[in-house]
Amino acid sequence: MELTHIEDGKVRMVDVSHKDDVDRIAVAEGYIRLRSSTIEAIINKEVAKGNVIAAANIAGVMAVKKTPELIPMCHPIPITSVKFDFDIESVGIRVKCTVKSKGKTGVEMEALTGVSVALLTIWDMVKSLEKDERGNYPKTLIEVIRVVEKVKGGKE
């Protein structure tokens, strides 16, 4: 198996100039486990820092757009759409990020980065509610961040 980002032992950005611009879609998701009392505070908009879902949505969109600044070999590509879905459950929140582009390379890293930052923002917004008496987070857990769908030029 050839590693595309390594040549002669040196890390490099892959040349995609020969590729055609095609429609690209990637969907990533992740989950954050929270105390049920924290979930209630989010639903009732009683979190001191403000609207948790709105903040996570904005942070996630910003992260998608900044992905090439965070991941060294990630190409800067034209993002045409970013959409977040937040599914609030009794013990946590599932975050899904759909990213679209018309370009030479996929948008999986952008979708993964968006989900990751949205989840981290949720944690930051509710950390005062999640801490135990020692300042730890025994119930808070971010898990299963993954790409659930990738489409290139209409082909899954």
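Placed from the backbone N, Cα and C atoms, the Cβ positions cover glycine too.
Residue density at Asp124 (active site): 14 other Cβ atoms are found within 10 A of its Cβ, drawing on all protein chains shown. As annotated by Swiss-Prot, active site applies to Asp124, with the evidence given as sequence analysis.
Reduced to three states, the DSSP call for Met73 (substrate binding site) is coil. Swiss-Prot lists Met73, Cys74, His75, Met109, Glu110 with the feature substrate binding site, giving sequence analysis as the kind of evidence.
According to its DSSP assignment, Glu110 (substrate binding site) is helical. According to DSSP, Asp124 (active site) is assigned to a helical segment.
Apart from the site residues Met73, Cys74, His75, Met109, Glu110, the chain places the Cβ of Thr67, Pro68, Ile71, Pro76, Ile77, Thr105 no farther than 8 Å from the centroid of the site's Cβ atoms, the recorded substrate location. Met109 (substrate binding site) has a Cβ environment of 22 other Cβ atoms inside 10 Å. Here His75 (substrate binding site) comes close to Met13, Val14, Val16, Pro68, Gly103, Lys104, Thr105: these same-chain residues lie at least six apart in sequence, with C-beta atoms under 8 angstroms from its C-beta.
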